[in-house]
Each structure stands twice: as C-alpha cells, then as structure tokens.
2 protein chains.
Amino acid sequence: MLEDKKVSKTSLSEIGEFGLIEQIKEGFPIRLETSIKGIGDDAAVLDYGNEKTVVSTDMLVEGVNFSWSYMPLRHLGYKAVVTAISDILAMNAIPKQILVSLALSNRFTLEAVDEIYNGMKYACDKYEIDIVGGDTTSSVNGLVINMTALGSAKAEKISYRKGDVKENDLLVLSGDLGAAFLGLQVLEREAQVTKVNPDNQPDLEQYSYLVERQLKPEARLDIVKLLAEMEIVPTAMIDVSDGLSSEVIHLSKENNIGFNIYEEKIPLDPAVIRTAEEFQINPITCALSGGEDFELLFTIKQEDFEKIKANPYLTVIGHATATGAENYLITKGSEQMIPLTAQGWGTGEEESED
Amino acid sequence: MLEDKKVSKTSLSEIGEFGLIEQIKEGFPIRLETSIKGIGDDAAVLDYGNEKTVVSTDMLVEGVNFSWSYMPLRHLGYKAVVTAISDILAMNAIPKQILVSLALSNRFTLEAVDEIYNGMKYACDKYEIDIVGGDTTSSVNGLVINMTALGSAKAEKISYRKGDVKENDLLVLSGDLGAAFLGLQVLEREAQVTKVNPDNQPDLEQYSYLVERQLKPEARLDIVKLLAEMEIVPTAMIDVSDGLSSEVIHLSKENNIGFNIYEEKIPLDPAVIRTAEEFQINPITCALSGGEDFELLFTIKQEDFEKIKANPYLTVIGHATATGAENYLITKGSEQMIPLTAQGWGTGEEESED
C-alpha cells in the first residue's frame with residue numbers, strides 16, 4: 001500500500017473527462033449479481049429483490065477531512081471507501097455498491113487520480129463491492145471526494161440508531177478505540193518536523209498500529225457477518241466515527257435511555273496507552289473524543305451475552321440504565337460517575353464541526 | 001422563487017452540525033412509502049419491492065458549475081435537485097429519493113444554507129421526492145454540493161444509453177434546446193456590467209425564458225410519465241446535459257449505429273433565435289453545444305411514430321442510419337451533411353471539461 005514515486009505526468013485535459021471515465025470503468029468491472037448496470041450510463045441499476053436498500057453519503061474535503069502532508073493518495077482512496085461502507089455496516093446491512101464523485105483542481109495529474117482509484121480498487125476487492133457510478137468535475141483549488149454507498153438487508157435484520165433498546169441491554173463495542181486519533185497526532189507532528197527539516201527521516205515503527213489505523217482503517221464487515229452467524233440482531237447500532245462519547249449520546253438520545261460505560265472496560269491497544277502518555281493525554285479521552293476508529297457500537301439483549309462473551313473482537317463496555325437517564329463514565333474502581341459530553345478534543349466544539 | 005434579502009445572520013458554528021441536521025430533518029419529513037428511514041441514521045433504508053433501484057450522483061462546484069454573481073441560493077438548490085433527478089429520468093425511471101452533501105466555507109450563514117434547502121424543498125414538493133440523507137462538512141473556501149438520486153422502474157421499462165437501437169429508429173427530443181446556454185451568456189454579460197457600474201438595473205424581461213431555463217430548469221418527469229401512458233419504451237435514452245451533439249455521439253457510440261439529425265427539425269424557442277443573433281452566434285450551435293437544457297433525447301421504433309406525432313412536447317429530429325455509420329447534421333434544404341463533433345462551445349475542449 002505504499003505509494004510509488006511516479007515520474008510520468010499526464011494532465012487530465014489530455015485525456016478528457018470521458019477518457020477518464022472510460023479508464024475508471026475498465027478498472028472496475030462489476031462483480032455482483034445485484035449490480036445490473038454500473039458506470040457509463042445516466043444512472044446505475046441495482047436489484048435487491050425483496051431485501052431493503054440501504055444508502056448513505058459522505059463528503060471528504062482536502063484541508064478539512066484530510067491533508068496531503070501525511071495522507072498518500074492511495075490510502076486516501078482506500079479510506080474513502082471504508083468511510084462510506086462503515087455507515088452501511090452500522091445498519092447491520094451488507095455494503096454492495098459505491099458511487100464516487102471527485103472535484104479535482106488542475107494540479108492533479110492522471111497518475112494522481114489513478115493512485116486514488118488504486119486505493120479504492122484495493123478496498124473494493126477486499127470488501128467485495130462494486131463501483132457503479134460517479135461524477136468528475138473541476139475544482140478551483142483542492143480535492144473534494146463524495147462517496148455514496150448502497151447495501152441491502154432483510155427488513156428484520158436492520159439495526160437502527162433509534163432501535164428497541166431496553167433497560168439492562170448490554171452496550172457492546174468491536175475492536176479498540178483511540179488509535180486513529182493518536183495516529184493523526186503522530187503524523188501531524190512528523191509533518192511539522194519535516195517542514196522545518198526536509199531531511200527528516202521519521203522512524204514511525206513504534207507507532208505503526210496507530211498510523212495504520214489513521215491511514216488505512218478497516219470497516220467492520222467481519223462483525224456484521226459474525227452477528228449474522230451468531231444470530232444476534234443488535235437492538236440499536238451506530239459506527240464510531242466521532243468518538244465513543246458522541247456515539248453513546250446519539251444512542252441515548254434516539255432511544256430515550258441512559259447508558260453507564262466503564263472506564264476499565266474500554267478497549268485500548270498498548271500503543272494507545274504508551275503514545276497517549278507521550279503526548280500527555282489521558283488515553284480514555286482519546287477513546288471518548290478521538291474520531292475515525294470505524295468500530296461498531298451496539299446494544300444487545302442480556303440473553304445474547306452468552307453468544308458473544310468468548311469473542312475476542314467484542315467487548316461489553318456498559319449497559320442501558322433507565323428511560324430518560326443521563327449517560328455516565330464509571331471510573332476505575334467505581335470511584336466516580338462522570339457525565340458524558342459530546343465535546344470534541346480540546347476545542348470545546350463538536351468534533352465533526354472542526 | 002426570488003431570493004428575499006435577509007437581515008438575520010446566524011453563524012453555522014452557533015447551531016452546530018447536529019443542530020443543522022436536525023433543522024434539515026424537520027423541513028423534510030418523508031412522504032413516500034418506499035422511504036422507510038430518512039435523515040438521521042447512519043444510512044437511509046428504501047424499499048423497492050420487485051422493482052429495480054436506479055441511482056446516480058452529481059457534484060456541483062462553486063466557480064466551476066455555478067457562480068454567485070448570477071445564481072441566487074434558492075435557485076441553486078432547486079437546480080441541484082433537477083440536475084440529480086434528470087439522470088434517473090434518462091433511464092425512464094421515476095425519481096424517488098435524494099441525498100445531499102454540502103461542503104460550506106465559514107462565510108456561509110445558517111440563513112444562506114436555509115435558502116439552498118428552501119430551493120431543494122420547492123423542487124422536492126414539485127417532483128414528489130424525499131431527501132433521505134446527506135453529509136455536511138466544512139470547506140476551505142467556496143461551496144460544493146453533491147447530489148445522489150435514487151429511483152425505481154420495472155426491469156423491462158428501463159431505457160439504457162446502450163439500448164437496442166435498430167436502423168431507422170426515430171430520434172426524438174423533448175422540449176427545445178439552447179436556451180439555458182444563452183441564459184448564461186445574458187447573466188454573465190449583466191454580471192460584467194454590474195461589476196463596472198454597481199447601479200446597473202438590468203432589464204431582463206425580453207430574456208426571461210432564457211434566464212429561467214438557466215436559473216430554474218425543469219426535469220422532464222412529465223415526459224417519462226407520458227411515455228408510460230403512451231406505452232412507449234425508448235430503445236435508448238439520455239438526458240441533454242452537455243449539448244445535443246455530445247449526446248447524439250454518446251448514443252451512437254454505445255449502440256454502434258449512426259444518426260442523421262435535421263437542422264430544420266431542431267426545436268428552438270423564438271427567444272433563442274433572437275438572442276443568438278444579438279450575441280452573433282448561430283442558434284443551432286447553441287442547441288448542439290450549449291449544455292444544461294435537461295431535455296430527454298431518445299430513440300423509438302418506427303411503429304411508435306403514430307403515438308407521438310401529435311404531441312407538442314416531442315419532436316422527431318432525426319433517425320438511426322446504419323451500423324457503424326458516422327453522425328451528421330443535415331442542413332436546411334438538405335444542402336450539406338456536416339459531421340457532428342463533441343466540441344464544446346468556443347474552447348475546442350469537451351464542454352464538461354470546462
């Protein structure tokens with residue numbers, strides 16, 4: 001996944017929009033039976049038979065959602081796909097197709113666009129999805145990517161944010177948290193050093209897990225498949241894109257129920273604990289307020305606990321308390337109950353407003 | 001549809017992203033039975049039963065696809081919806097839902113965003129579609145809008161670009177062409193005059209049809225409904241977004257068949273003829289190369305001619321000639337056969353590359 005240093009530079013005006021579309025189309029033959037018609041018509045045609053269609057859209061803006069100073073183009077393409085399909089997975093649905101819109105300034109070459117699509121192709125292969133359409137336009141400056149993802153699920157399997165959460169339902173999290181946020185801190189620190197000293201050869205080996213979680217995150221298709229195998233339908237579900245605290249508050253508000261989460265249960269990778277210390281941040285704060293982990297957060301009935309308890313990818317981090325109750329973080333040893341807030345890291349604003 | 005001069009200015013950071021989403025959600029309650037879940041979850045859920053899902057996406061970039069110097073925000077919202085659903089109609093499908101992504105710089109106020117959504121609401125009411133999702137993010141400068149439209153159709157009713165066009169199939173166009181292009185010329189001329197003389201009070205009355213076609217175009221839902229009533233399934237179809245010439249060439253290439261179109265048959269409004277003369281442009285060139293008319297261009301079997309011949313909204317402008325043949329414009333009195341090219345207006349580049 002490392003980016004090659006290309007020497008060839010083809011301006012996009014040489015190949016033209018239709019040439020570019022043709023090239024993209026060749027790189028993404030459709031593979032799914034549900035993709036009846038893909039790139040190259042006014043619209044794509046999909047067949048979901050008696051399943052429900054699930055659809056979501058996300059916009060990524062250069063200088064806001066990503067920066068070239070640390071984000072290779074191929075990783076950007078990969079991450080754009082992951083961002084898109086994570087919302088479909090958060091409905092307990094299977095992602096099937098994506099549509100990609102790009103606005104490109106004239107500093108982008110064909111080779112640069114190829115790199116973005118190569119990353120997308122890598123992700124499409126991994127998650128077995130088709131690119132079935134998109135749009136390409138110019139931008140005055142910078143790059144804007146918009147991703148639309150479609151998926152499907154049987155009606156009775158879909159997990160909404162506003163679900164059917166009952167008192168004492170368990171709050172379950174996949175994977176671990178805080179790594180993507182710390183990966184970004186590491187990359188931004190190195191970018192600053194490189195600005196002052198262009199010969200800087202960063203040794204990021206000790207941060208490799210964090211950097212990978214930031215640059216090449218994964219969407220939890222495995223968890224949605226696992227839940228189906230275990231015959232669990234979460235009573236509510238959301239993906240962790242803005243930090244655990246914000247997502248717990250979403251579930252709480254939508255279901256009019258409070259949650260207690262336990263500090264000692266929140267899964268943290270050793271690299272998160274070590275690096276948070278280096279940056280003098282509480283690692284729990286990274287988990288609560290750092291975004292982009294793309295893990296799934298969901299509630300299950302008490303009686304489903306037996307099915308998940310031995311699973312290394314799933315952790316019960318808390319439970320629903322009572323209708324209308326507030327949300328609390330219970331600190332280690334049950335010493336304190338701290339009310340959860342949707343505050344982003346440091347700025348006092350919501351993370352997604354940054 | 002004229003924009004009110006608002007005095008109230010609410011910065012978006014005051015209301016926050018979640019506040020903005022809440023407000024948008026309240027303004028767009030879902031109306032269709034096929035929209036099971038709309039704004040406010042990780043993804044929307046749609047139900048198309050045994051029909052096929054048709055989906056398309058379009059990106060509109062400030063300074064590239066529109067300019068504030070002539071485009072009021074409410075019209076921009078309206079036109080964004082029309083642009084999106086026109087692609088669904090071009091598949092002979094019925095548009096049902098849209099998803100809207102906005103990237104906004106900090107010069108936008110809540111009132112400005114409201115104006116955009118007011119225009120979208122007006123269009124959603126007119127075309128009976130639901131907004132079921134979207135994304136809102138910051139931009140470094142300028143506004144970017146991405147629209148994703150979904151619709152549905154029975155499999156046997158869908159008209160593809162690459163269809164089943166036979167020799168002597170008739171080439172049919174809805175409405176008339178060239179007006180949106182000339183409307184843009186008029187608006188840009190006035191914007192230049194206003195730059196030099198801010199007291200300029202443009203009298204656009206004689207150009208009202210042209211300006212309306214540019215600022216508030218309509219998507220031809222009526223034509224798709226009409227075709228269903230007439231029991232016509234076009235053998236191929238496309239919408240005219242880049243100019244007639246480019247669209248004829250698309251149909252030709254996809255179906256490996258040539259077309260002859262007749263200059264005297266191309267429908268032009270009297271205002272197009274008059275204003276083209278004023279700008280010293282051939283009005284046929286406006287029809288061939290001017291974009292954004294959002295009319296439908298399609299082929300039908302010879303035997304369907306009886307069904308459409310009396311219809312004032314439909315004009316037979318030519319016919320398919322032979323497999324592998326070139327495309328020609330036959331001038332008035334059959335004096336000349338001019339090969340069609342995809343050249344945009346003036347620049348020698350493809351229009352959509354501008």
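Cβ coordinates come from backbone N, Cα and C, glycine included.
Per TrEMBL, Mg(2+) 3 binding site is recorded for B:Asp42, B:Asp87, B:Asp239. A 10 Å cutoff on Cβ-Cβ distances gives B:Asp42 (Mg(2+) 3 binding site) a total of 25 other Cβ atoms nearby, all chains included.
Among the features that TrEMBL reports, Mg(2+) 4 binding site is placed at B:Asp42, B:Ser56, B:Asp87. When Cβ atoms from all protein chains are considered, those within 10 Å of B:Ser56 (Mg(2+) 4 binding site) total 30, not counting its own.
Sequence-distant contacts of B:Asp135 (Mg(2+) 1 binding site), defined as residues of its own chain at least six apart whose C-beta falls under 8 angstroms from its C-beta, comprise B:Ser101, B:Leu102. Here TrEMBL flags B:Thr57, B:Asp58, B:Asp135 as Mg(2+) 1 binding site.
What TrEMBL records for B:Asp58, B:Asp87 is Mg(2+) 2 binding site. In the three-state DSSP scheme, B:Asp87 (Mg(2+) 3 binding site) is classed as helix. There are 29 other CB atoms within 10 A of the CB of B:Asp87 (Mg(2+) 3 binding site), with all protein chains counted.
The number of other Cβ atoms within 10 Å of the Cβ belonging to B:Arg161 (ATP binding site), over all protein chains shown, comes to 20. Residues or ranges marked as ATP binding site in TrEMBL: B:Tyr117, B:Gly134, B:Asp135, B:Arg161, B:Ser241.
Taken residue by residue with DSSP, B:Asp242 (Mg(2+) 5 binding site) is part of neither helix nor strand, so it is coil. Per TrEMBL, Mg(2+) 5 binding site is recorded for B:Asp242.
According to TrEMBL, the substrate binding site annotation covers B:Glu292, B:Trp345. Taking Cβ-Cβ distances under 8 Å and a sequence separation of 6 or more, the neighbours of B:Glu292 (substrate binding site) in its chain are B:Ala180, B:Phe181, B:Leu184, B:Arg213, B:Gln214, B:Pro217, B:Ser241. Under the DSSP three-state reduction, B:Glu292 (substrate binding site) is assigned to coil, being neither helix nor strand.
Under the heading domain 'PurM-like N-terminal', TrEMBL lists B:40-152.
Chain A comes close to B:Asp135, taken from the binding-site residues B:Tyr117, B:Asp135, B:Ser241 by a C-beta to C-beta distance under 8 angstroms.
Counting every protein chain shown, the number of other Cβ atoms lying within 10 Å of the Cβ of B:Tyr117 (ATP binding site) is 22. With DSSP states grouped into helix (H, G, I), strand (E, B) and coil, the domain 'PurM-like N-terminal' (B:40-152) comes out at 35 helix, 45 strand, 33 coil. Distance between Cα atoms for B:Tyr117 (ATP binding site) and B:Asp58 (Mg(2+) 1 binding site): 17 Å, as a whole number. Every protein chain considered, the tally of other Cβ atoms within 10 Å of the Cβ of B:Asp58 (Mg(2+) 1 binding site) stands at 24. Neighbour density for B:Gly134 (ATP binding site): within 10 A of its CB lie 24 other CB atoms from the protein chains shown. Over all protein chains present, the Cβ of B:Asp239 (Mg(2+) 3 binding site) has 24 other Cβ atoms lying within 10 Å.
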